[in-house]
Structures are given as C-alpha cells and as structure tokens.
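Participant: Below are the structure tokens for one structure; questions will follow.
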C-alpha cells in the first residue's frame, strides 16, 4: 500500500504536506513511503509494523529527529546511507528488520559507526563507550545500496494486522505499539539534558580525532605501535599527575 497525500493530511491533521511535523502510520500495511520526499518539516515519524523496504524517501526530511521503523522489510544496513545526512536524527528504532542480521553486536556497532549522533537506538541509550567501540567494530557504509527496479517492496506485507493474525500476535503488536508511543513521549519531553551543545561539539571533535588515530594505527608495524604505546603511557602519566599546590603563608 502506498502512503498517500490524503492519508498523511488526515492523520497529521494538517492542510499541507510541508507543514507536517509528526506522523503516525503504525501498522498500516505500507510498502511505499515516497511521499516523505514532500515533507521537509517532518520531525517525528512512526512507520513500525509495515513493509517498508527502503529509507531513501526519508533522506529529504532534513529536520527529522525521531524515526520508528521496527518490524519492516529493510533488507540491508546499506540503507543507513540515506540517514547519514540527517543532522538532527537522535532516535532510531530499527529492530526486527532483515537488516539486523544474526549478530546483534555487529548490527548495533555498524549503526552507531554510521550514525554517531544517535542518542537512542532500539530504545536503548547510546553511550560514549559504544561510540568509541563502533569506530573499530562497526562497518562503514560509503555508498547507497544497489537496487533493481524502482519499486518500494513486495506488495504482501509480512506484518500486516489482518484476519490471519492470531489473537496472541495481535495483542503483542498492540502492547509494543503502546510501549513505542510511551518512548516517543519520553524522548520528546526529555531530550537527554546531559547533551549540552558545547558537550556535543566537544564529543564530536574528540570522536573525529579518535577515528583518524585508529585508522592510522592499522598501518603501523610492531615498532611503530610500541612507540605509540610509550607515548600514550607518558601522556596519561602527565594527565594524572597532581598539580603542585602553592604554599599559603
């Protein structure tokens, strides 16, 4: 099913697409969200429990801060390429998609390496330690995924809430929907006060420097690594050395 202008305006209670800031399309059997290209003011969108297979339309939503895509058909983490230029994206829920693969650790590290500005991934807070590890343990995505044809996915949604679904499965969907909406409320009202603009800028600068250092370390031989180790040790000792206190007489 295609997300249409009429559906968007009705759900968002808006008169024009460019005015839409929040949109909830949870469990709507959607396969095509190309209309997102016409919503530059969009800040929060819920697309969980659908059959969306590409993130390309979302790349036009430059103000997007929260993206909920749990239980869709995102095939590959290469789709993250379309999110890398969204400067305000802080919350992403991508769990239960084919792109998550069989290694939860590699999945999380790869997402965080490519989207280091995230503060929450799959309803779990992102830590500075994770961001540092992601530089070494995550895969870097540098190109858009190759696509055959221009379709937005198969017409038969795997997670549609239809008559075939069992009562248990439906109740689980509804419970997860309630949980997801609660999370949205929390992130809207409490945007991690520990991240001040100055702290965020300093953190990004440190991460960029660390990335460069880690990449250069791969090129060093044993002798070079030993030199780096000695230099780092001396630097740490200097930083931890207590400053001399002046005598107060």
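Just so you know, glycine gets a Cβ as well, placed from its N, Cα and C.
Found this in Swiss-Prot, in case it helps:
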type	residues	note
REPEAT	19-40	repeat 'LRR 1'
REPEAT	41-62	repeat 'LRR 2'
REPEAT	63-84	repeat 'LRR 3'
DOMAIN	97-137	domain 'LRRCT'
REGION	146-203	region 'Disordered'
COMPBIAS	162-175	compositional bias 'Polar residues'
Participant: Counting by DSSP secondary structure, give me helix, strand and coil numbers for the repeat 'LRR 3' (63-84).
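Facilitator: Secondary-structure composition of the repeat 'LRR 3' (63-84): 7 helix, 3 strand, 12 coil.
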Participant: The repeat 'LRR 1' (19-40): mean pLDDT?
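Facilitator: Residues in the repeat 'LRR 1' (19-40) carry a mean pLDDT of 97 in this prediction.
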